[in-house]
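Structure record follows, encoded as structure tokens.
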């Protein structure tokens, strides 16, 4: 039956707060057994001069056996807001039997008309066609071009020394003595590659688990799964980061291990703690409890760090030897002048356009599910987009690296990483457009919350794309220099 649960003494500040909430169409979200329900604070009259508060909440709960399968909320009891009055807030609960199965209770919250719209299918098809086109283009251009290069280099081998000296030598073979030179700042570079490989592993595993387990049916299960998988895949970070650092002749491997282990957690926790202070100031329910902060720090020190150490030791011992197909010259070769569009800075800026184009539409659906409170459930689409993104990224970075090496510029390592990672810049720029044109957020708390977490998301995506681009390009570079005969 209807029951009063609290009374409000409506003084002037409280009345102003309610009026502000009603004018701005504030609504609230609650959960009963993980099922979300929404309600609106109040409404104004036609002229917008009088404001009314909904004071009576009617809950209708459907049950099947001993499980809750459906929840509905109706707001009634409209009371005019007047200062110096006392308003009673009440609720009632009506239980009814339902035929809905417990496994299907979230179906009414899913929005097939939005997520499975023709535009979504068309975007996937469009990206898939881009992949076929890019792979075909890369294969055709590089195979034809490399075949000509190999033929030219074989012909040069048959010349005598005088003819070779008089010949016009150019191309990627000329930098064979420098192409496997350690990158600048190898410690940071190795840590980024290791972190990117770990982020890719986490993304791949979490999407598969979400496809199998329907993680959207339990509140917070996606985040819990991601944290668990991230901690469990820490050896991946240590293995790839540690082995790359050892191949590049790095000696401060313990420092590299610490930086690789704490790079992503420090970025995420630092942003979350900053936003948390703002949330505490605004008395927001989004504030993270202190106990949760301590638990996350304990996971970093007692789980992630030891597993990262194991991965680093394995990486250094199993694949840490520099087994390059070409000997590295003692003195670096001078880099010749080239056209402006072949400069690494230009390649980096242009490299992220195609990968961003392949995930552009999916970003809209992901942003909408996160910021507009829709439940994202089409993880098959997300897996397809992840695969497409990786293929497009590798193809683009291979082409960029080939043209850079052909211009006799051997600084391909950072260039391949940054050209792929620049996808994150375009994603973050898109988030600005989404904020101003697709959301109605405003104020310090909402702005910092949105742009803070979007910065974390974009940075993690950039590190992952950079690592994928570098790994693919590294295999390509090793392959072409293995097949050419070098004195």
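For all residues, glycine too, the Cβ spot is worked out from N, Cα and C.
Caution: TrEMBL annotation is automatic and unverified by curators.
Keep in mind that this is a model prediction, so the values were computed, not measured.
Taken from TrEMBL as is:
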| type | residues | note |
| --- | --- | --- |
| TRANSMEM | 119-142 | transmembrane segment |
| TRANSMEM | 187-211 | transmembrane segment |
| TRANSMEM | 223-246 | transmembrane segment |
| TRANSMEM | 258-282 | transmembrane segment |
| TRANSMEM | 288-310 | transmembrane segment |
| TRANSMEM | 345-367 | transmembrane segment |
| TRANSMEM | 379-405 | transmembrane segment |
| TRANSMEM | 417-437 | transmembrane segment |
| TRANSMEM | 449-471 | transmembrane segment |
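Counted over residue pairs 6 or more apart, the CB atoms of the transmembrane segment (345-367) and the transmembrane segment (223-246) come under 8 Å in fewer than three pairs, which marks the two as apart. Just going by CB pairs under 8 A, the stretch in 119-142, 223-246, 288-310, 379-405 that sits most against the transmembrane segment (258-282) is 288-310. Contact between the transmembrane segment (119-142) and the transmembrane segment (379-405) is supported by 3 or more Cβ pairs under 8 Å, counting only residues 6 or more apart in sequence. Here the transmembrane segment (379-405) has Cβ contacts under 8 Å with residues 115, 120, 124, 127-128, 130-131, 134-135, 137-138, 141-142, 145, 172, 175, 179, 200, 203-204, 207-208, 210-211, 342, 344, 347, 350-351, 354-355, 358-359, 362, 365-366, 411-412, 415-416, 419-420, 423, 465, 468-470, 472-473, 476-477 of the same chain, all six or more residues outside its ends.
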